[in-house]
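What Swiss-Prot records for this protein:
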type	residues	note
BINDING	488, 494	Mg(2+) binding site
DOMAIN	555-614	domain 'KH'
DOMAIN	624-692	domain 'S1 motif'
């Protein structure tokens, strides 16, 4: 194929799409360049043969950042890129979510998308370029795909309104960081964090992005047409209506009854029984008989249609609730005696044990990014062990799902944390999901807010989260509050909202179908607000605001400031002085270039002891003040007495006594402790001391 290049304007940026020059053996490959600064190569490869035994669509997306893109060499011993960073994992998920529902039902060929960042200016995130490139690569590949999609980042400022694809610098002043992706007619994915924006402002941002990325979709359509690549000759598998009718006739009523069992494990047990009975009754190896896999797939389709029809017909949900009711809540704080802050948040059959830990500035996570090294003083980690769903499973490092859910929960609470300059602790929150039946990430938001308040972290306001769902059949639809796991799996939308009583702090939306209108999104947001306020009210009855003092288990932090020319005295030669203070007091000390000092101690006593040591090192001798010092050295004309760490003064022989002294050693000995009065400090820092004037000074009340 001859190279094809398409250039178009996207907001203030010039975007260039190129194919046919690089990676020509891939099914589709596009080099995306934005403003001659960001360049991302996106390749798509699809297997020629289907893999129907998978049971799910085998799509994988890999976003990778090469350090050479920013003119850097990787750190570490091996000096090459290693396992995906958290940023790469999150961006891979961001690209996966809007494209997955656009592959046609029944398409089971493995598809792999690889996005490689080749160049970046460090001014903007390459994720939007990667999403545009993925859409374009799929469009030119000929693989069955109901696209193209567009994508945009949106910021918000009170004075300027919505910003399209803001830079990192613009995002610092923005109250919103939102990524939206969708097709020409529908929004499919939203990922955002905000500073208490209203529901209307959030919806406005979604609609603004959808309108703006129409330019991307139109350009990709024209680009794909120019390549002239023919579409795959693929036909969807024919639905086995006879098998579906047989299952519905014999087991349909039993399946419907199973979905009235409110306890999850009992319901799953009954459905497993029915599935096995169906397989035994209908599957076989004889000619014309369906296979076990075909029967399982058909059984799942009957489940899907049964639950959805019940919901749109207005029947009670699986657990008997109506569409607006939140499951019963049980909220506890301070559940672990030796942690800094803890909470146990239970919503129905979903439960999160959340623990907050405070650390020093040295505990901050160091992130090695394309933009350079930076520190992160807030971490939220989400763990989903297999026992939470009553299963045996893999244990090990966090998977993509856990990283994604942890980041969503972090987005929910981060805006309500105090700024580093007023609360210089590193904060780590860990959410252990101990039970799961829907929306464990939003349980993590609620639990994180509770644990942070229990630890005494001065939160601006409590935060709660809720997951909404949608079932749409034709013109009929139902928006569901606080969805169960089954409703998430069988529904058309997963819509998670976190926020305070005043506004939204995080919004995540994944839509599996087209045709979600502005009206439906507005209903979902307002219904989520109602549920969020209900949960906040319940949380407020247990703990309404942060505790007035930090947990007694948390480290004590003391702040002070010294003159910049004293920093070297505190550090000492080769760090000897500060190291000795830390070892002796068991505290840690962080010194900034401007002289700001933060002292962290496991106990208040340890922190105070370290502070006093620093004060004694940096203190200046005050004229007229009495000190207790030690005689360090005796000379013919007097004695040198140490009154402060590193500060000696001279007691002239005439200042030792009112009586005449022939030899200093007749009165003083090295190592002897004496009281001295500071008479003067000259402009070279030399200190003049007196022993004989101490009595008079004490009598006058010095």
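Every residue, even glycine, has its Cβ placed from backbone N, Cα and C.
Residue 488 (Mg(2+) binding site) is surrounded by 17 other CB atoms, counting those within 10 A of its CB over all protein chains shown. Residues near residue 494 (Mg(2+) binding site) in space but far in sequence (CB under 8 A, at least 6 apart, same chain), listed by position: 467, 469, 483, 488, 508, 509, 510. Secondary structure by DSSP for the domain 'S1 motif' (624-692): 6 helix, 36 strand, 27 coil. According to its DSSP assignment, residue 488 (Mg(2+) binding site) is helical. Over the domain 'KH' (555-614) the predicted model carries a mean pLDDT of 88.
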